[in-house]
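Copied over from TrEMBL:
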type: COMPBIAS; residues: B:12-30; note: compositional bias 'Polar residues'
type: COMPBIAS; residues: B:31-47; note: compositional bias 'Basic and acidic residues'
type: COMPBIAS; residues: B:50-59; note: compositional bias 'Polar residues'
type: REGION; residues: B:1-67; note: region 'Disordered'
type: REGION; residues: B:306-377; note: region 'Disordered'
type: TRANSMEM; residues: B:83-101; note: transmembrane segment
type: TRANSMEM; residues: B:134-155; note: transmembrane segment
type: TRANSMEM; residues: B:162-184; note: transmembrane segment
type: TRANSMEM; residues: B:196-214; note: transmembrane segment
type: TRANSMEM; residues: B:226-242; note: transmembrane segment
type: TRANSMEM; residues: B:248-264; note: transmembrane segment
type: TRANSMEM; residues: B:408-428; note: transmembrane segment
type: TRANSMEM; residues: B:434-453; note: transmembrane segment
Amino acid sequence: AFFWLLSLLAASLLWFVSVQLSGREDAALLLLGAAAAVLLQELCRFACFKMLKKADEGLATLSEDGQSPISLQQMAYVSGLSFGIISGVFSIINILADSAGPGTVGIHGDSPYYFITSAFLTMALVLLHTFWGIIFFDACERRHAGGLGLVVGSHLLTSGLTFLNPWYEASLGPIFILTLCTGLWAFGTAGGSFRNVLKCLSCK
Amino acid sequence: MTELSAHLPQFQHGQLTENFPETHISNTNDNSERRRHDNSERRRNDNAESETNGQPQNNVQQVVEQDEEEDEELTLKYGAKHVIMLFVPVTLCMVVVVATIKSVSFYTRKDGQLIYTPFTEETETVGQRALNSILNAAIMISVIIVMTILLVVLYKYRCYKVIHGWLIISSLLLLFFFSFIYLGEVFKTYNVAMDYITVALMIWNFGVVGMICIHWKGPLRLQQAYLIMISALMALVFIKYLPEWTAWLILAVISVYDLVAVLCPKGPLRMLVETAQERNETLFPALIYSSTMIWLVNMAEEDPEAQRKSKSSTYDKQAPASRTRNENAEADDGGFSQEWQQQRDNRIGPIESTPESRAAVQALPSNSQTSEDPEERGVKLGLGDFIFYSVLVGKASATASGDWNTTLACFVAILIGLCLTLLLLAIFKKALPALPISITFGLVFYFATDNLVQPFMDQLAFHQFYI
């Protein structure tokens, strides 16, 4: 979470500076800021990975049987989840606070579905961050550049799709499909398979 | 020669045949018949000795290494556990403060200032305001420094009664008066009708149980809860009565002072800690939050080893290595303790008597049977730390334009700072100031989030863009 906040800080600094320099507030600048934010987030995810890897090695050398008590996959899950939580919370908490107060949604001509779509989008984003975390760490561990590229690419794609709001069909739909696919991919990366699922469901 | 070669395989087979060469050597040493035999025996002797000595040496070395590794491992494990043990109360305190600030408007209304911050911030020019806030902060800090030095002097000259009296009066004030005001304001906010008799009964019970719990004996959880509550009350008072810039300045200067006071050889807090260590007593019967209750018992005893052995029936699972480490660590001021200042938190209040107290752990020899495993020693964190963390987060939630984002960012920053501090504690194993790192992170994040992140997130949320 701390790392995500750092990335957000850096991104906003960039955006702020660019706004000041250009002297006007523009959607284009916002796009630039958002893209920078995505890239910085991925960078910070990488930094998180490096730090956790080092901590993992330290724990492994100190533990009794040479194995660290937390597996890298668990760390990937936790880090992805924390990224997701903090990003989701930052996205939605002001909206939640406002929703508890008086007012009408979309009275000025915006979509009346603002709250509910925000909720769904945030949920998708949290899940996506978790999945991205798992895939990212796995790709870094195995030095699989393709995985890395796909994670960054899908993040950019998601963020870009949200720019199509309020054309919700075009943004929500694809984002959910992307979430599902990423989820399946992460599940596969983490070692799950169809057989595992069956075994789990039919738990004897 | 054939004899030699016959014995060699046995040497090579190692440990199992340890005894054989020794007995053989002793036998042959006794019969020193021929020189050739002697030489060969001596060579075998040397071999055997080197082998048998090598093994015990290896064993000893291994044991030592294992001990060190176990120590480090235990250190890290303890570190992680203690971090978690401290996260919960700090979070609870902050949650209480933020919840109150958000709901009860009393604590965000400007109802005047304390006598310790006489300069107002409602000035015409920015320069004047800056000057005033600097003066306010200077006065407050000097008050705190004076009180700390006074406390240290009292402690050094063994005026325990005075200190006890001071702490009792402060806890009385906090537990009765401030909570009465708090309760009143909460009732006003939620428009709850209440009669004086019920209120008197509630406050009386709350206060008396609090006094008993904090200054005498009580269940650990209840004591911790009370400490959290009075820290929150104190933080709320600070948030209400300190003007904006003064508050931020005070936070910044306090962390610097903390650093200086705890780490410099002549710092008051360090002298306090060292004096307490010399006298082998508990630091203070108040003002420190501790996650467990036991170890002070051992500190006060003449022979902690014997004491622990006497209750070994409950603590059998301890390894001797960790026991000695515990002892050493306790002689070193109990390893994981952090001290904090007391007064600064207190010199506020309409009455000049100084509200001090929060009490942490009492040396309760009679409780030694029921106390936990000394391995579960727990960390101690000064209540002042709680208070200032909560002040930071509370101010962030009260006055930030970014509202919840800023509050959250400060919260995460403070927790990470606490993590880092505890990590350093696990490495250095001596009293460390808990404020600087957390407050620095918190301040950086507050100002950055409020001014930089907030407009960005606002714009994004306005268009419903997600990053």
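Using the three backbone atoms N, Cα and C, a Cβ is placed for every residue, glycine included.
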Recorded stretch that, among B:134-155, B:162-184, B:196-214, B:408-428, has the most CB pairs under 8 Å to the transmembrane segment (B:248-264):
B:134-155
Is the transmembrane segment (B:83-101) packed against any residues at least 6 beyond its ends, judged by a Cβ distance under 8 Å, and which are they?
107-108, 182, 186, 224, 227-229, 231-232, 235-236, 239, 289, 291, 378-379, 381, 386, 389-391, 393-394, 397-398, 407, 411, 414-415, 418-419, 422-423
For the transmembrane segment (B:226-242), which stretch among B:134-155, B:162-184, B:196-214, B:408-428, B:434-453 has the most Cβ pairs under 8 A?
B:162-184
Please identify the stretch among B:134-155, B:162-184, B:408-428, B:434-453 with the greatest number of Cβ pairs below 8 Å relative to the transmembrane segment (B:196-214).
B:162-184
